[in-house]
Amino acid sequence: MDTSHTTKSCLLILLVALLCAERAQGLECYQCYGVPFETSCPSITCPYPDGVCVTQEAAVIVDSQTRKVKNNLCLPICPPNIESMEILGTKVNVKTSCCQEDLCNVAVPNGGSTWTMAGVLLFSLSSVLLQTLL
């Protein structure tokens, strides 16, 4: 038997075994409940075999006061996206998203301040200009 063929077969079997072992460890999700957006959350191994990582961004409005919080968790299925509801005079706007990759349920950053975005834009434009001049 050809040695290179045997080596390739062994490598293929090892690769398949590693890929299966990685998925057998379970889906990793961030988990926290009712925390401010900027709060970092610890990760957990999802206990559900076909579970999903869930991000919920909620704006709770009482009178004219708004409080924004997030929930990151693992669930067996993706919950329906209920965008707006009212509970006992309290309005709640919820945006729900689901994903099935490790640590994919991170809340989307808000983009930072106007000066930060202007600096990034200026840097991008200057690097393009520099490349065209060189």
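Cβ coordinates come from backbone N, Cα and C, glycine included.
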Cys53: disulphide-bonded cysteine as recorded in Swiss-Prot, out of Cys29, Cys32, Cys41, Cys46: Cys29
Bond partner of Cys98 - disulfide, per Swiss-Prot - picked from Cys74, Cys78: Cys78
Record Swiss-Prot, residue Cys74, disulfide partner from Cys46, Cys104: Cys46
Number of helical, extended and coil residues in the domain 'UPAR/Ly6' (27-119), per DSSP: 6 helix, 46 strand, 41 coil
